[in-house]
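Under the heading intramembrane segment, Swiss-Prot lists 2-13. Annotated topological domain 'Cytoplasmic' per Swiss-Prot: 14-20, 95-135, 211-226, in sequence order. Swiss-Prot lists 21-40, 74-94, 136-156, 190-210 with the feature transmembrane segment. The topological domain 'Extracellular' annotation in Swiss-Prot covers 41-73, 157-189. Residues or ranges marked as Ca(2+) binding site by Swiss-Prot: 42, 45, 47. Here Swiss-Prot flags 53-180, 60-174, 64-169 as disulfide bond.
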């Protein structure tokens, strides 16, 4: 996957974000995407080739690996990043639509008094208010939901966040209960706990930003004359 393209797209969203949102994007890029691309792939490598079972029965090793690791950690994290990043793109699409509408009205002469030219529309600072506030807030809410959902799926699918050194398997076509060994379990456990911890930090940042937006929205409402 081209993570550079994703970084470029989300980097454009960064200028519409709050200060907390900018911190979230920094954590996403440095502590998740960079770690996933640079380090995690080296740790996992060819997982199935390094999964060893004490049997020569054809197919037993493959079945046992599929039973304990139905989805690769790397692919699950990549899928998580895609889901978590997608709501932020809705904000960029909303801003692009707003500017397109303003350009259309400017060309028609409906708002010529508000802007000197089209370039001023492009460089106008975007404020998180009105319908954009709802889009931005909804995107944060769905980010929290996706983060929490993937953490739950990860915990259930792998029976916790630690990597076992030895797993026992009796699935067909294994002749009996066989012992299977996972390579570099401690190193993988460290990476897994790190990625889960960063997910937790991202959830905390998203919840904090959501509370900040709600408080600002409510305080703005209270200042309006009745």
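Cβ coordinates are placed from backbone N, Cα and C, and glycine is handled just like the others.
Positions of the features from Swiss-Prot, shown on the structure.
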{"residue": "42", "record": "Ca(2+) binding site", "DSSP class": "helix"}
{"residue": "47", "record": "Ca(2+) binding site", "DSSP class": "coil"}
{"residue": "53", "record": "disulfide bond", "DSSP class": "strand"}
{"residue": "60", "record": "disulfide bond", "DSSP class": "helix"}
{"residue": "169", "record": "disulfide bond", "DSSP class": "strand"}
{"residue": "174", "record": "disulfide bond", "DSSP class": "coil"}
{"residue": "180", "record": "disulfide bond", "DSSP class": "strand"}
I'd like to know the mean pLDDT over the topological domain 'Cytoplasmic' (211-226).
72
Looking only at C-alpha atoms, tell me how far residue 60 (disulfide bond) is from residue 180 (disulfide bond), rounded to the nearest Å.
10
Count of other CB atoms lying within 10 Å of the CB belonging to residue 180 (disulfide bond):
21
Measuring Cα to Cα, how many angstrom lie between residue 53 (disulfide bond) and residue 47 (Ca(2+) binding site)?
13
Report the nearest neighbour of residue 180 (disulfide bond) in space among the recorded positions 42, 47, 64, comparing Cα positions.
64
Out of 42, 47, 174, point to the one nearest residue 64 (disulfide bond) in space (Cα versus Cα); all of them are recorded positions in the record.
174
At the level of the C-alpha atoms, what whole-angstrom distance separates residue 42 (Ca(2+) binding site) and residue 169 (disulfide bond)?
27
